[in-house]
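Heads up: the structure comes next, in structure tokens.
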Amino acid sequence: MAVSWRSWLANEGVKHLCLFIWLSMNVLLFWKTFLLYNQGPEYHYLHQMLGLGLCLSRASASVLNLNCSLILLPMCRTLLAYLRGSQKVPSRRTRRLLDKSRTFHITCGVTICIFSGVHVAAHLVNALNFSVNYSEDFVELNAARYRDEDPRKLLFTTVPGLTGVCMVVVLFLMITASTYAIRVSNYDIFWYTHNLFFVFYMLLTLHVSGGLLKYQTNLDTHPPGCISLNRTSSQNISLPEYFSEHFHEPFPEGFSKPEEFTQNTFVKICMEEPRFQANFPQTWLWISGPLCLYCAERLYRYIRSNKPVTIISVISHPSDVMEIRMVKENFKARPGQYITLHCPSVSALENHPFTLTMCPTETKATFGVHLKIVGDWTERFRDLLLPPSSQDSEILPFIQSRNYPKLYIDGPFGSPFEESLNYEVSLCVAGGIGVTPFASILNTLLDDWKPYKLRRLYFIWVCRDIQSFRWFADLLCMLHNKFWQENRPDYVNIQLYLSQTDGIQKIIGEKYHALNSRLFIGRPRWKLLFDEIAKYNRGKTVGVFCCGPNSLSKTLHKLSNQINSYGTRFEYNKESFS
């Protein structure tokens with residue numbers, strides 16, 4: 001099927017434009033710095049000593065400076081949530097670009113890893129060249145103390161060398177702990193190692209303070225490559241006759257007077273010895289702004305989250321899912337947002353993100369989250385909240401005398417699903433536990449749907465286990481009945497796809513009778529579904545929202561970009577829970 005350029009531009013255009021701008025900045029900065037150290041007269045003698053290693057080390061350092069500053073901006077999540085919710089970003093296309101913050105953070109991280117490798121390799125060559133090409137003429141320019149000094153001493157006895165080695169170790173730990181396998185199997189390792197970025201930035205500011213690389217300051221009196229008369233006489237070097245010949249005044253008419261340091265048209269004579277000075281550290285100029293912004297946000301988030309919530313109830317659902325309902329004074333959130341949970345009794349430092357499945361409203365202050373019990377943290381958290389005897393039961397009623405552990409929340413933070421209520425037509429597709437981001441949206445519609453732009457919602461939930469359906473079966477039934485009573489049966493189109501057939505009638509036949517006709521066995525036929533939605537919403541823009549496995553996401557993303565004969569445009573939005 002052909003790609004719709006209209007849909008492609010809506011889904012990919014701004015993203016690729018920003019990627020092009022970012023790439024251009026990196027290429028321009030790399031090339032400009034490379035040329036400066038390769039051809040700049042102030043680095044003439046240093047380039048003679050170090051060669052290509054100097055150019056590559058400095059060019060890669062400039063790219064590292066840029067990306068070490070940019071990588072912090074996507075992590076200012078409170079700022080991004082404010083921009084999304086305020087009128088500062090009125091364009092929906094621009095707001096959707098904020099959803100790529102995590103991808104941009106990863107892209108900058110990968111770039112830092114690649115150019116760190118280039119930077120390290122170039123400086124290893126520089127350390128060798130400092131030793132081999134020790135300059136007897138310009139001793140001030142040397143980093144080595146004598147010719148053929150062991151290059152390893154430069155790596156482990158100088159500030160730039162030692163901090164560089166430490167940064168490589170920190171970066172290696174952060175890279176390996178950021179892989180998908182470790183994030184899923186042991187999130188604790190990812191969390192602890194990622195917080196080493198504070199150490200990384202401290203080392204980075206120290207790294208540039210060593211002053212090993214120097215530039216020439218007196219280019220006007222000592223042009224690079226000039227001949228020093230003092231050096232030639234002290235070394236018993238005689239200049240050729242035409243070198244020692246002086247111009248006589250007055251100069252012939254039509255000829256300009258040569259520069260003071262010029263003796264003839266063939267050679268320039270130095271007026272003084274070259275003077276060198278260490279480069280002014282520029283890294284702090286790059287990172288100070290974003291780092292201060294991030295630290296200010298972390299401080300604000302710490303103050304905002306230092307008061308524990310009040311747990312109202314804990315509900316145990318089938319398939320290892322737990323629901324927590326709580327209240328907190330002055331807490332406000334929008335449907336689709338998420339929060340982070342911090343329980344000191346489980347871990348003193350760990351915070352874990354969970355999508356809000358119930359948001360506070362004007363009439364009720366209760367909000368809640370659903371947790372899938374996967375990993376050490378959620379298992380320990382469940383054991384604290386639920387006694388072993390009640391973990392298999394459906395509901396644990398709230399008991400006033402029960403002592404729950406202290407629980408702190410941070411947020412709310414923005415997500416792509418906030419836009420689902422801003423389309424006239426939205427298609428929400430969930431895979432398994434990926435249904436949680438849509439629960440708050442469904443709860444909001446159940447409370448009051450009229451203030452929002454949304455007029456038709458297609459809700460598709462693909463699940464392997466019939467027990468998982470019970471997480472939100474009551475909510476779906478109430479929503480279905482509400483719109484039938486208000487004579488709006490076409491407002492919400494619910495389709496549930498389950499692969500397990502055993503016991504379906506037993507579980508949903510009586511209690512959830514309204515959903516019987518909404519239940520299908522197998523997987524959705526996505527192409528037919530998109531064609532049907534396009535047909536019934538001709539010429540409209542449909543927001544597509546997906547939270548589930550990557551295979552599901554890729555399928556919907558591809559279909560959203562394909563052309564259709566009804567003039568319908570699909571704008572794709574994705575949330576990942578891994």
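Every residue, even glycine, has its Cβ placed from backbone N, Cα and C.
Now, the feature entries from Swiss-Prot:
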type     : residues : note
DOMAIN   : 304-419  : domain 'FAD-binding FR-type'
CARBOHYD : Asn133   : N-linked glycosylation site
CARBOHYD : Asn230   : N-linked glycosylation site
REGION   : 218-273  : region 'E-loop'
TOPO_DOM : 1-16     : topological domain 'Cytoplasmic'
TOPO_DOM : 38-62    : topological domain 'Extracellular'
TOPO_DOM : 84-103   : topological domain 'Cytoplasmic'
TOPO_DOM : 125-154  : topological domain 'Extracellular'
TOPO_DOM : 176-188  : topological domain 'Cytoplasmic'
TOPO_DOM : 210-424  : topological domain 'Extracellular'
TOPO_DOM : 446-578  : topological domain 'Cytoplasmic'
For the topological domain 'Cytoplasmic' (1-16), sequence-distant contacts whose Cβ falls under 8 Å of one of its Cβ atoms, 6 or more beyond its ends: 93-94, 96-97, 100, 541, 557, 560-564, 569-572
Overall pLDDT for the topological domain 'Cytoplasmic' (1-16), taken as the rounded mean: 76
Cβ-Cβ under 8 Å with the topological domain 'Extracellular' (125-154): same-chain residues at least 6 beyond its ends: 45-46, 48-54, 57, 161, 212, 214, 231, 274-276
Residues in the domain 'FAD-binding FR-type' (304-419) grouped by DSSP into helix, strand and remaining coil: 18 helix, 40 strand, 58 coil
